[in-house]
């Protein structure tokens, strides 16, 4: 019996010493390497860890519910332990310490607070916020906490800044490298001097600053908001200057990291994809780099000029030669003027500005902006002023005045604040439009001009309305009875006018409805070539014997009107051998139609997805089709008068003439870009599953690389004779199937055998397959542009880069036996098809 009692006491003591499933370390306990304590909700863990393949051991805090190792705080960051003999325990004086071994007497890290021998109940507790706290569990009094000693990570509800009375200054310091948490040379802190702002340093060099606090946000962080994710609390009083970011939704896991390259980044954890997603970073551009344009200069990243730097009003380049060479580091100096401080100067108002460095400003929070102006005007050394809190809940308040050089000023398209710069009377006249009276005259002139223009527009509108009524009346009399209108949309009349203008300029012929009806035998069923979400397509024969294809907008189509207008605008301007040729259009009553050249061989999908027709396409024909499609896309992206992204490239939108020359068709979803624009975004994602690039399907981001992705899918379909949207063996789609075979060195096995092995060179086919995989890489920046693709297709003696992991965009489940498709769409999406066109309305998240 005595033996069992002793054994029970021993076991109980062992459990007390070794079991750390709770969130607390008692003063009598220790934590050895391998032991971990968790916060109450199991969100965070505290213990020993290593990074990557390193054997060095550190003590720190990390996310417990995140699959990717993410360290948020490191105790012994500059003193790692070489093996697993480390120990965490309380010292005799009550500090929590880390020892390199269980026998060590001198700690390598300590909380290093006041002597706490008189605190026998002291514990270390890990909270669900990720904060390790030394406290008295009875009174709740805190003696030390890790939140007051951040490393490279700022967590929600972590107070950041300084407290004068306690001497606590919370400073973030980067790691040395991703695999070394030692103290790096990048620091981030709240500036103690002048008016509060956040500063990032590279060593001793100021690298970036947030701008001053406006009452709602930092003036140099226009993306900052407290409405959706964060509840931001800013404190500025004689004892404390701090900021705290609280999350409004506890389910959102987010952190801000200062990395070793000098970038501050904010991440959120994507539980679905199991990875961190970055959604903000700074510095963002050249204008964010501290004092990029020198003293008294300002930076405008949206400037249409070649140089983003300019001098503030009333200033000129200090070294004109350097400015000509695009070097503004010497800054600007005031233009010599006689009227400064003689009562004849004033203030130029600069809007949407990140105001200059506030480290040396004079601050008075008890006067209005108008009083601030008068104070600055009376002080000859005052060069500028601004409101301290211009976005305060109580309205603009406080006064900031600058005396001397102004550093690190920039402008924004939106956000920023007003900044008032002292200038002499001549500069003020130029800035304000020849003075106040000149400004009033300018306003009167503008009002008069607007009134005249409005009168002309109203008169012109009345004229057009009468002309439309006459045109409508004439056409009603001529219309066949089978097309009598039930209504006439005002929008249709505007389209008709635009098309009539194109017809008169011979840019796009306009067909009469009666002509189209006769050519198609009143849209007889036997002349119907196909149908889609836009509406049916009919074959017709004009009186001169020319065969045509008529695309007729269905009255029930919910998507067709916008696509119809888009296609009319685009295709009438495009001319290329590999683009379908439009012959004209027709808009009468409720009828809207496009008239194309007739292509007897139908579309590409008719050949490559049907066994009998596929056998007609040997390798030379398939290679010719691939190259032709590539040249057509290159023309859209680069060589046409407009830069166009098709957005719906697929096999059914490639038509074949009698010589099997491919013609890209269906420009209803295309987008026109400016000459230098290469990407855009939309909330209305349209296209076809299986052909849509991942960044477009998931985020609405489209670019020339979106078409490259679709072209890559086409290449793979042409080579294999299989649809991308079908399931193959265990693969999600064709791209995944090909990638698996490519990785295993079995890609040659998926080439379509119906081509006939004698018609193709294995090396050439594999090169095309290689190019197809380069086009469907997941990251759009990794994909080649179309000029590179066309070059690679036309040259054999070149080395191709190895393709990276492709994107596997989910498509509809197909019946691989029949080639048909089921209705297994992702839930919550609505779709309609023009030969499988898919439209998805993406709601903001």
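Yeah, the Cβs are placed from backbone N, Cα and C, and that goes for glycine too.
Over in Swiss-Prot, the protein carries these features:
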type: TOPO_DOM; residues: 22-441; note: topological domain 'Extracellular'
type: CARBOHYD; residues: 82; note: N-linked glycosylation site
type: CARBOHYD; residues: 103; note: N-linked glycosylation site
type: CARBOHYD; residues: 185; note: N-linked glycosylation site
type: CARBOHYD; residues: 231; note: N-linked glycosylation site
type: CARBOHYD; residues: 259; note: N-linked glycosylation site
type: DOMAIN; residues: 283-321; note: domain 'EGF-like'
type: DISULFID; residues: 287-299; note: disulfide bond
type: DISULFID; residues: 293-309; note: disulfide bond
type: DOMAIN; residues: 341-424; note: domain 'PAN'
type: CARBOHYD; residues: 357; note: N-linked glycosylation site
type: CARBOHYD; residues: 366; note: N-linked glycosylation site
type: DISULFID; residues: 372-399; note: disulfide bond
type: DISULFID; residues: 376-382; note: disulfide bond
type: CARBOHYD; residues: 379; note: N-linked glycosylation site
type: TOPO_DOM; residues: 463-845; note: topological domain 'Cytoplasmic'
type: DOMAIN; residues: 523-808; note: domain 'Protein kinase'
type: BINDING; residues: 529, 530, 531, 532, 533, 534, 535, 536, 537, 551; note: ATP binding site
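Location within the structure of each feature annotated in Swiss-Prot.
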{"residue": "82", "record": "N-linked glycosylation site", "DSSP class": "coil"}
{"residue": "103", "record": "N-linked glycosylation site", "DSSP class": "coil"}
{"residue": "231", "record": "N-linked glycosylation site", "DSSP class": "strand"}
{"residue": "259", "record": "N-linked glycosylation site", "DSSP class": "coil"}
{"residue": "309", "record": "disulfide bond", "DSSP class": "strand"}
{"residue": "366", "record": "N-linked glycosylation site", "DSSP class": "coil"}
{"residue": "376", "record": "disulfide bond", "DSSP class": "helix"}
{"residue": "399", "record": "disulfide bond", "DSSP class": "strand"}
{"residue": "537", "record": "ATP binding site", "DSSP class": "strand"}
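For the domain 'EGF-like' (283-321), residue counts in helix, strand and coil come to 5 helix, 9 strand, 25 coil, using DSSP.
If you compare Cα positions, residue 287 (disulfide bond) sits closest to 535 out of the binding-site residues 529, 535, 537. By the criterion of other Cβ atoms within 10 Å of the residue's own Cβ, the least surrounded of the glycosylation sites 82, 103, 185, 379 is 103. Look at the Cβ of each of the recorded positions 399, 529 and count the other Cβ atoms within 10 Å; the largest number goes with 399.
Around the Cβ of residue 231 (N-linked glycosylation site), 13 further Cβ atoms fall within 10 Å across all displayed protein chains. Per Cα geometry, 535 is the residue among the binding-site residues 529, 531, 535, 537 nearest to residue 372 (disulfide bond). Cα of residue 537 (ATP binding site) to Cα of residue 103 (N-linked glycosylation site): a span of 87 Å. Looking at 287, 299, 372, 376, 382, the disulfide-bonded residues in this record, the fewest other C-beta atoms within 10 angstroms of the C-beta turn up around 382.
The highest number of surrounding Cβ atoms within 10 Å, among the recorded positions 293, 531, is found at 293. A straight line from the CA of residue 185 (N-linked glycosylation site) to the CA of residue 231 (N-linked glycosylation site) spans 30 Å. Closest in space to residue 357 (N-linked glycosylation site), of the binding-site residues given as 529, 531, 535, is 535, taking the CA atom of each residue. Residue density at residue 309 (disulfide bond): 24 other Cβ atoms are found within 10 A of its Cβ, drawing on all protein chains shown. Following the DSSP three-state reduction, the secondary structure of residue 357 (N-linked glycosylation site) is coil.
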